[in-house]
Amino acid sequence: MSESPETPEPSPAQSPEAAPEQPQAARPVTPGSQASFGTYGGRPVSFVRRGTRLQGRRQQAWEEHSDRWAVDVPRHIANTSVHPDYVFDAEAEFGRSAPLIVEIGSGLGDAVCHAAEENPDWDFLAVEVYTPGLANTVIKINSRKLSNVRVVEANAPEVLATMLPAGSVSEVWVFFPDPWHKSRHHKRRLIQPEFAALVAAALKPGGLFRVATDWSNYAVHVRDVMAGSADFVNLHDGERRGPESPLTQVWQSGVESLVGGAPVKEGRAPVSTEHTGPNEGVDETGGWAPRFEGRIRTSFENKAHEAGRLIFDLCYRRL
């Protein structure tokens with residue numbers, strides 16, 4: 001996820017042991033403590049902050065190491081907001097000039113830390129609103145002695161809009177975002193036309209936007225959104241269509257059983273795939289990328305496989 005021009009593909013990860021001895025002036029970092037839901041700046045947010053309290057080793061890791069690995073951003077209104085005057089200086093932060101990869105919704109840090117370990121010449125910024133996830137990422141950074149990862153607790157659209165200089169990012173990753181199944185919640189989905197425009201602004205020309213989801217409805221949504229963007233080209237346009245399409249396989253297998261637009265437990269309802277759209281039967285559009293080898297298979301992805309769901313990868317190049 002060989003096309004040209006294209007940034008090089010990274011090739012594709014837990015217990016806190018010794019921390020790397022890299023002295024640096026401490027920075028005050030305060031994790032948010034106020035739950036966020038509803039809107040920000042008049043727009044629905046794509047997340048619900050469930051659990052911001054830290055305990056045990058997470059609390060210890062955050063207290064001891066967040067001043068080194070967490071980017072402290074001045075807030076605007078909400079505790080995950082970014083003041084519009086703040087600009088992230090990656091070269092100053094990492095002490096070098098290197099390709100910058102931004103993972104949005106980095107969770108517990110498995111993917112970003114594994115990628116950083118495999119690609120020491122690349123720098124990584126993990127964007128997350130789940131404070132325990134950030135603390136877990138800090139634990140991994142220290143136990144693996146990584147120096148090329150930073151974490152930031154912030155709302156992703158603001159990070160892309162103002163925090164990151166235009167044209168400064170080599171790749172943006174969004175792996176397994178919240179699908180917001182119910183129709184009335186689709187407006188909360190992270191990937192919308194406005195979001196695609198923000199990604200385009202942050203990326204360098206030729207930079208990559210990688211997406212992965214285990215829900216066909218969201219995959220079709222992303223494909224439709226990106227098809228409407230003049231800023232990107234699908235690197236796998238028309239590929240894996242017809243019987244080879246994972247979407248065709250989902251439609252014909254009925255693996256995603258839904259009732260009222262939300263997933264239900266196995267055996268609780270008859271098979272229905274009408275949520276995927278009117279083109280049920282054979283996907284003649286395709287456009288699905290092969291699995292991105294740079295993405296480690298996390299426990300989250302493993303659960304999707306165990307449930308029988310297929311993974312949809314999409315990869316777009318910034319024009």
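Cβ atoms here come from the backbone N, Cα and C positions, even for glycine.
Per Swiss-Prot, the features are as follows:
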type	residues	note
ACT_SITE	Asp178	active site
BINDING	Glu103, Glu128, Asn155, Asp178	S-adenosyl-L-methionine binding site
BINDING	Lys182, Asp214, Thr298, Ser299, Phe300, Glu301	substrate binding site
COMPBIAS	14-26	compositional bias 'Low complexity'
REGION	1-44	region 'Disordered'
REGION	262-288	region 'Disordered'
In whole Å, how far is Lys182 (substrate binding site) from Asn155 (S-adenosyl-L-methionine binding site) when you measure between their Cα atoms?
22
Recorded substrate site residues Lys182, Asp214, Thr298, Ser299, Phe300, Glu301, farthest C-alpha pair in Å:
25
10 Å Cβ neighbour count around Lys182 (substrate binding site)?
13
If one measures from the C-alpha of Phe300 (substrate binding site) to the C-alpha of Asp178 (active site), what distance in angstrom results, rounded to a whole number?
12
May I ask which residues of the same chain, at least 6 positions away in sequence, place their Cβ under 8 angstroms from the Cβ of Asp214 (substrate binding site)?
Phe176, Glu301, Ala304, Arg309, Leu310, Ile311, Phe312
Within 10 Å of each Cβ, count the other Cβ atoms, then let me know which of the recorded positions Glu128, Asp178 comes out lowest.
Asp178
Out of Glu103, Asn155, Ser299, Phe300, Glu301, give me whichever of these binding-site residues has the highest number of other Cβ atoms within 10 Å.
Glu103
DSSP output for Ser299 (substrate binding site) maps to helix
Given the S-adenosyl-L-methionine binding site residues Glu103, Glu128, Asn155, Asp178 in the record, what is the largest Cα to Cα distance, rounded to whole Å?
14
Tell me, by DSSP, whether Asn155 (S-adenosyl-L-methionine binding site) is helix, strand or coil?
coil
Here the Cα-Cα span from the residue listed as 'active site' to Glu128 (S-adenosyl-L-methionine binding site), rounded to a whole number of angstrom, reaches 13
For Thr298 (substrate binding site), the number of other Cβ atoms found within 10 Å of its own Cβ:
18
Whole-number Å distance separating the Cα atoms of Glu103 (S-adenosyl-L-methionine binding site) and Thr298 (substrate binding site) is 14
Could you state the CA-to-CA distance between Lys182 (substrate binding site) and Glu128 (S-adenosyl-L-methionine binding site) to the nearest Å?
23
